[in-house]
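Working notes, structure below.
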Amino acid sequence: MNPKSAPQPPKDGSDKTHGSPFREQGVLKRLRKSFRCAFRGVRELFLHTPNARIHLIATIAVIGAGLYFGVSRMEWCVLVICILLVLSLEAINSALEALADQVTTNYAPLIRDAKDLAAGAVLIAAIGSAIIGLAIFIPYIL
């Protein structure tokens, strides 16, 4: 395509050739909608995913132990990263499972493998987080 014949943006700095969703809806309105959807996802995670509720109980226990033992700022950072990693992977796992179940209810080996891989990622993070938690809390207990 000849550069001179290609559409050029207006010289006044406006973007009339390409519609912007931010301009059409307004940045704040779009941002509010995005947060509303995200919080709905978090609510769905804890309402409809039993494993997420187990992780939430573990999270409450870890936070309680951290407050009780007065862990250091660095230990809090590590604990929070572990908590967020496990909960985030659980959310991704749940989303993948929901999508896979929507695609087909029939047995499909590749879908089974994808679901198992996502569940395995949660398991790896949970085991790693438990080991880190033990490494942090055992010195306070002994």
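Cβ coordinates come from backbone N, Cα and C, glycine included.
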Exercise. According to TrEMBL, R30, K115, D116 bind ATP; which of E44, E97 is also listed for that site?
Worked result: E97
Problem set entry | Cβ contacts under 8 Å made by the transmembrane segment (52-69) with residues that lie 6+ beyond its boundaries | 45-46, 75-76, 79, 83, 86-87, 90-91, 94, 126, 133, 137, 140
Seminar exercise, completed: Between the C-alpha atoms of R30 (ATP binding site) and E90 (substrate binding site), the distance in angstrom, to the nearest integer, is 26
